[in-house]
Amino acid sequence: MLFISATNTNAGKTTCARLLAQYCNACGVKTILLKPIETGVNDAINHSSDAHLFLQDNRLLDRSLTLKDISFYRYHKASAPLIAQQEEDPNAPIDTDNLTQRLHNFTKTYDLVIVEGAGGLCVPITLEENMLDFALKLKAKMLLISHDNLGLINDCLLNDFLLKSYQLDYKIAINLRGNNTAFYSVSLPYIELFNKRSNNPIVIFQQSLKELMSFALK
């Protein structure tokens, strides 16, 4: 199981998750995408949420899948899951134990299960648990996606420090947009220096699909 988080929201988790799953499936690794918790959605009028995109991809493997099979807590409010849950369904806190069991059931059918979190690692799910706690409970490997803008160095290093302190098996990958030429002069020079000293180098996502698939499966 691979848990995908990010330096923050809008870093490109969903795009990267889909690309990695498509690559894995093309390589013969049967892969499913799950979005157990999603906020800021209105399923009655909008069918382009993260989970809807995942469902579209997943149904290439299993036409019987529905949205409820891959996304279990869905809220209108675009906020941390805890806040959305307390406002919209205050008597039904998110049960990460139940989620863990449901997500692990997919490992019986698929070679690789990719679980996308909401926001970053410290986003609260309950009063006691955040996304990092959830990933630890799942015993999943971690792929942390970084944006490619100015400031990514600080964001990557903070997340690297946090993940290292919890002794997770993790990789950090930069979601590099094709038109971001500034990255090569502004951020890449330090990333290259960091990688020379680190036993867990930061990679560029688009250039590392084979490596990331191998990491997820080993």
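Just so you know, the numbers here start at 1 and follow the chain as drawn.
Yeah, the Cβs are placed from backbone N, Cα and C, and that goes for glycine too.
Sequence-distant contacts of L176 (ATP binding site), defined by Cβ-Cβ distance under 8 angstroms and a gap of at least six in the same chain, are D148, F183, I204, F205, Q206, Q207. L176 (ATP binding site) falls outside any helix or strand according to DSSP and counts as coil. Taken from Swiss-Prot, the feature ATP binding site covers N10, A11, G12, K13, T14, T15, E116, G117, A118, G119, L176, R177.
Annotation comment: Swiss-Prot describes T14, E116 as Mg(2+) binding site, evidence class sequence analysis. Other Cβ atoms within 10 Å of the Cβ of T14 (ATP binding site), summed over all protein chains shown, number 21.
Under 8 Å, Cβ to Cβ, and six or more positions away along its own chain, K35 (active site) finds D50, A51, F54, I70, S71, V115, E116. Look at K35 (active site): DSSP puts it in coil. Summarising the annotation, Swiss-Prot assigns active site to K35.
According to Swiss-Prot, the feature substrate binding site maps to T39. The local packing around T39 (substrate binding site), expressed as other Cβ atoms within 10 Å of its Cβ over all shown chains, amounts to 23.
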Distance from T39 (substrate binding site) back to A118 (ATP binding site), taken between C-alpha atoms, in Å: 8
Cβ contacts of N10 (ATP binding site) (under 8 Å, same chain, 6 or more positions away): H147
Surrounding CB atoms that lie within 10 Å of the CB of G12 (ATP binding site), all protein chains: 21
Surrounding CB atoms that lie within 10 Å of the CB of A118 (ATP binding site), all protein chains: 26
